[in-house]
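Annotation source TrEMBL lists compositional bias 'Low complexity' at 405-414. The compositional bias 'Polar residues' annotation in TrEMBL covers 416-425. Residues annotated as region 'Disordered' in TrEMBL: 405-425. Under the heading transmembrane segment, TrEMBL lists 20-42, 54-72, 78-104, 116-138, 144-162, 218-239, 251-270, 282-301, 307-327, 339-366, 372-391.
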Amino acid sequence: MLRPQMEHWSAILRCLSLSPFWRGVWFMQVIGLGMAWFTPLIGNLSDQYGRKALLTLPVTAAIIPLAILAYSRATNFFYAYFAFRTVTDMVGFASINCLALAFLADNTRADKRASAFGILSGVSTAAFVCATVSARFLPETQTFQVGAIVSIASAVYMRIFLKDTKLEKDGEHLPLLSQTNVDHQDVESSKQVQNSEKIPSVLDIVSLFRDRKIVSQAAVVVFFSSLVDCGMQYSILYYLKARFHFNKDQFADVFLIGSLAGTVSLLFVMPLLVEAIGAEKLLSFSLLYGFISWGIYSLSWSPWVPYALALSFFFTYLPGPCIRSIVSKQVGSHEQGKVQGCISGISSLTAVVAPLVFSPLTALFLSEQAPFYYPGFSILCIGSMNLIAFIQSLMIRSDPCTAISNSSSDNPSNVVGASTATEET
């Protein structure tokens, strides 16, 4: 009886003894599942308790893993870092961006949100560029120390200078009702209803997409466009290393060039294009541009081609802010956290799907057992997800008047701007 059990556990240990690449894939899949669960929850709770209170949790938690390796890089401390990093990424990796978008939507007119979201994404991309450049010059022993200091500074800055948004909701002054002649049973039932709305169920999320057609269409676009981003993370490095023998410094250079182009497009080009053609048309154009760009990338014939194409990825960073601005116009201020959290959760699911599909496909066409010679075929397949998202984006037709009225009705500070935009229309 012991022999089958021993064979069973031996098989499990062999599965756990994977290459570093597949261990990283498993790690990201666990984080992806956690983000898909926690991000909608945190976003919905921010509608109840405020953005600042919920933003404090992931921002503060992100300090812990960096502080562990900043203190010591011994083996035991690395295991502790790995455990805390897994938990903090599940809770806060996507939640910080989700809450920042919801906070920005609370304080920005509906017709200006696409530009504002683009600037926020541009700042995030610029931070990635600065971090990559800093890592080149910092000693390896000081990398986590500097990271921990920067994380602490961001948390302190957020707590001191960020002003929370006051969201008026029904039942906000329920404790005051108990001092009047209102029946005690009615007050208790009202509290139960209010508490039941704080944690979203699966049916709540399904109804959000069922009742709002544009949000459901945008969710499809988000899934396929995020599938491209996540699939490239697992395939492009493998492809460049096997095809052109790239090392880690060359990888960093390619990503740095692409991030610089994305920063410029998000900060300076996107606000102009949104004003000229609108977020919906810009979304469709950027998705089609991404499909064509990745199709050319799959035909790379020389090591200089990835560098040149990385500089040309000018519009591939624009779909995210465009989609976020479109869905934010479909709900009021009291649902911004929920809708942004659900969109982030759908995007996080691609961290589970992408490596299972595209990593084996990349390995197959880079091996001698490929059915036909096309080393970049997996890159073409990943890029084709942008074509599917492009077709779906053509069906999105938002009503700007309805979007403005939804925003102004929940945020009184936007009434003047909304009325001005309506008059201009």
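A Cβ is built for glycine as well, from the same backbone N, Cα and C atoms used for every other residue.
Counting Cβ pairs under 8 Å to the transmembrane segment (116-138), the top-ranked stretch among 54-72, 218-239, 251-270, 282-301, 339-366 is 251-270. Nonlocal intrachain contacts for the transmembrane segment (339-366), taken as residues 6+ away from its ends with a CB within less than 8 angstroms of a stretch CB, comprise 21, 25, 28-29, 31-33, 35-37, 39-44, 46, 94-95, 97-99, 101-102, 105, 205, 208-209, 215, 218-219, 222-223, 226-227, 229-231, 233-235, 238-239, 242-243, 323-324, 327-328, 330-331, 374-379, 381-382.
Within the chain carrying the transmembrane segment (78-104), a Cβ under 8 angstroms from the stretch's Cβ atoms is held by residues 27, 30-31, 33-35, 37-39, 42-43, 46-47, 51-52, 54-55, 57-59, 61-62, 64-65, 68-69, 113, 116-117, 120, 124, 162, 165, 324, 328, 336-337, 340-341, 343-345, 347-348, all 6 or more beyond its ends. Across the candidate stretches 54-72, 218-239, 251-270, 307-327, 372-391, the maximum count of CB pairs under 8 A to the transmembrane segment (144-162) is reached by 54-72. Sequence-distant contacts of the transmembrane segment (307-327) (same chain, at least 6 residues past either end, Cβ-Cβ under 8 Å): 101, 113-114, 116-118, 120-121, 125, 214-215, 218, 221-222, 225, 253-255, 257-258, 261-262, 264-266, 269-270, 273-274, 279-280, 282-283, 285-287, 289-290, 293, 296-297, 300, 339-340, 343, 389, 396, 398.
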